[in-house]
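Only one structure is covered here, and it is reproduced in the block below.
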Amino acid sequence: MNGEASLNPQYKRGTTVGEGLYNRGLLLQNQTTSPTQRRRHSSTMPSSALLYCLIFLAGVAASIKSENSCIHFPTSLPHMLRELRAAFGPVKSFFQTKDQMGDLLLTGSLLEDFKGYLGCQALSEMIQFYLEDVMPKAESDGEDIKEHVNSLGEKLKTLRLRLRRCHQFLPCENKSKAVEEVKSAFSKLQERGVYKAMGEFDIFINYIEAYMTMKMRKN
């Protein structure tokens, strides 16, 4: 005991076995580490701690920002829907004139899915349907049409991103039978399906609005 106390002035009576081993480890490290290395090690410790603090604070700030954006999402939704309608306006008459079929592609059964327990999945699948199946083909009708359709697609992607961030608006689980019927009818129409789907994009916006109105009432 006295030998340890004389070797290590930090050793105090009542020190536990673990603390004694720790103190002896510090003594050995000090004996085997040069003064330059000790200064270098001590100078990097605050920098590392500061880096971890900055990373942590950045994560907290991002989380708070995301939560705040979701809080204000219901009030910003009407503006986003107006932007969708405005973006569709320049090509609306073009596609609706090209659509010579009387039957709707986006039927009432799809609206019922939007307003029912499958609403989330129906919305998610329909956004994907327009972005991946409809709009790429619609862009082939000339550069002017392509520019407007591309702009419309970007606004639809923005809406999808906001919905995914605020996951209470898009907690998807099951498949929508109505969406499968839309896709099947679209495929059967072949080239005419593009004009049909694009011509009814305003109906799709109305369905989005119906879904979001229902979700906001529940939340």
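Using N, Cα and C of the backbone, Cβ positions are placed for all residues, glycine too.
Remember, TrEMBL labels are computer predictions, not curated facts.
Feature annotations, reproduced from TrEMBL:
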- CYS70-CYS166: disulfide bond (DISULFID)
- CYS120-CYS172: disulfide bond (DISULFID)
Just the number: how many Å between the Cα atoms of CYS70 (disulfide bond) and CYS120 (disulfide bond)?
17
Integer Å value for the Cα distance linking CYS120 (disulfide bond) with CYS166 (disulfide bond) is 12
Work through the disulfide-bonded residues one by one (CYS70, CYS120, CYS166) and point out the residue whose CB has the fewest other CB atoms within 10 angstroms.
CYS70
Please report the three-state DSSP label of CYS70 (disulfide bond).
helix
